[in-house]
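What follows is a short report on a single structure.
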């Protein structure tokens, strides 16, 4: 090597790990109306100060990397960087903190939940300085909300399409979820809808298996709901699961559902992905289909208390991506869910404006401007004796979905549906008359059972 090109190790650029808090911890920062705000539950590694941990989250989820790079000088770091602007301890937890991070709106592609999540949670959860990290909440500014279509139709349009007002809607997941032939599956759909339910549903893992291909299921379910409609005079629906291995196949199934004239299709939005879900939501709006969303895989992401993403964030993401219904727990059934926390994200799904309320887990005031609302679906281990509590907790703008609570009736599927419809009508009437569902719920069901042998069974 010539003297002119020889390089010694002691000469030239020296890379080194920098302290993130020098650049990304800015406690004096005043948040802007256009910032996306995030609340992270941070558990730093021993010896890592909370300010450094919070700054690391802000850096790694925005413009930062582990060292200074030459190209930092080619952009306006101050304009584009995320900022950790506040840190507070978690009550009762010595080593956990809530780190509040503000992100400039220009960091995100318009109308893309995929890009938003890739930026905010895509890489930082594996960061060495953190023992655990959980995204507790996001504040989506109106300027970003307005770049999304959101739910294909929303609550009021759905009620108008179905001509159903003044009560929760009733549904049922067909069981067993796997193994039925398409014809027997359609028979169960007919019996439930004929008995008085508004909807029946494919389970989340019913796609197109050898025992029941999707096209056969769609045809027999459409036949069942048209027959039930003709006999009851009510508009009925079955959530036809369009989830598939490719977006092209998913779209093909949605097109076939539209050609059959059914009112609603379904998608597993977490396993299917946000890009696929948003594409399907756009198709549903353009073609008059309602879209039911199942949250399969959510507990992998949201169940741990100190690591992952809280469901309220996933619920907000769904409202942006698009869906007319989404499963939201039950409070009283077989699946985990606290009442105050559940009511918090139910309001975030339905309401136009939700104020900050830490007692319900809402870290930021959220203004959805004109984005349509989403109906929460209560599903999982519920039956007629839960009806008073469900009616009180979820109110009219909800779907109460009973699987085993319908199909497990000793007299069969149709009597199970009758029992659910009678129980719901009794609870709604009692509530409208001023009775206390929480205190008198069991008495209301017992009184109704005197006039309904199906409910008394």
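Glycine is treated like the rest: Cβ placed from N, Cα and C.
As recorded in Swiss-Prot, the features of this protein are as follows:
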type	residues	note
ACT_SITE	175	active site, proton acceptor
ACT_SITE	294	active site, proton acceptor
BINDING	123, 173, 177, 295, 327, 379	substrate binding site
BINDING	201, 203, 204	Mg(2+) binding site
MOD_RES	3	N-acetylproline
MOD_RES	14	N6,N6,N6-trimethyllysine
MOD_RES	201	N6-carboxylysine
SITE	334	site 'Transition state stabilizer'
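In sequence order, 173, 175, 177, 294 are the recorded positions from 173, 175, 177, 294, 327 with a C-alpha within 10 Å of the C-alpha of residue 203 (Mg(2+) binding site).
Between the alpha carbons (Cα) of residue 173 (substrate binding site) and residue 201 (Mg(2+) binding site) lies a span of roughly 5 Å.
There are 22 other Cβ atoms within 10 Å of the Cβ belonging to residue 327 (substrate binding site). Across the structure, residue 175 (active site, proton acceptor) and residue 201 (Mg(2+) binding site) are spaced 10 Å apart at their Cα atoms. Same-chain neighbours of the Mg(2+) site beyond 201, 203, 204, judged by a C-beta within 8 angstroms of the site's C-beta center, are, in sequence order, 173, 174, 177, 202, 205, 206, 239, 241, 266, 294. Counting only residues at least six positions away in the same chain, the Cβ atoms of 203, 205, 206 sit under 8 Å from the Cβ of residue 177 (substrate binding site). With every protein chain in view, the residue among the recorded positions 175, 294, 295 whose Cβ has the most Cβ partners within 10 Å turns out to be 294.
Counting every protein chain shown, the Cβ of residue 204 (Mg(2+) binding site) has 20 other Cβ atoms within 10 Å.
Highest Cβ count within 10 Å among the binding-site residues 123, 173: 173.
Using a 10 Å Cβ-Cβ cutoff, residue 203 (Mg(2+) binding site) registers 19 neighbours. Mapped onto three states, the DSSP output places residue 201 (Mg(2+) binding site) in strand. Taking only the Cα positions, the spacing between residue 295 (substrate binding site) and residue 204 (Mg(2+) binding site) is 8 angstrom.
Taking CA atoms as the reference points, residue 201 (Mg(2+) binding site) and residue 294 (active site, proton acceptor) are 10 Å apart.
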